[in-house]
Amino acid sequence: MLAGCYPRPGDLLTRVLATGTFDILHPGHVYFLTQARALGDELFVIIARDSNVTHKPKPIVPEEQRLEMVNALGTVDKALLGSEKDMFEPLKEIRPDIIVLGYDQHFDIELLEEELTKRGLPAKVVRVPLSKECPLCSTGAIIKAVLKRYG
């Protein structure tokens, strides 16, 4: 069912979509994806392309490797690389019912829902609050710890 163009006609499953860079996979990512999965029956994940990451330092882990890691998680039905040109392009194929944002993804939910509706993609957008706390629950914290130890 997850091959090709991700069929939707007549299906009663709730399809959830999460997006992110997922550089240096950590428990915060796992928490986010587990919370996203709990909102529906299928979880698709779009991995940010290396070339599109402009709001923070470029990923350390190459996009193909990040894709492989996320696809290996049991909570994820299908992970795929995003479009380098149009962030809405893969959504046209996936046609999610719910789009889940992380606490650190700086999208305005109302504006995003408006843009989705304009494109014939009336998905509900929700944000997962930060709830997983651990010393190394962010890529930045992991990098700082490595530099401190081996710097």
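In case you wondered, yes, glycine gets a Cβ from its N, Cα and C as well.
Annotation source Swiss-Prot lists ATP binding site at THR21, PHE22, HIS26, PRO27, GLY28, HIS29, ASP104. DSSP classifies THR21 (ATP binding site) as coil under the three-state reduction.
Counted over all residue pairs in THR21, PHE22, HIS26, PRO27, GLY28, HIS29, ASP104, the record's binders of ATP, the longest Cα to Cα distance measures 15 angstrom. Counting Cβ atoms from all protein chains shown, GLY28 (ATP binding site) has 22 others lying within 10 Å of its own Cβ.
ASP104 (ATP binding site) is surrounded by 13 other CB atoms, counting those within 10 A of its CB over all protein chains shown.
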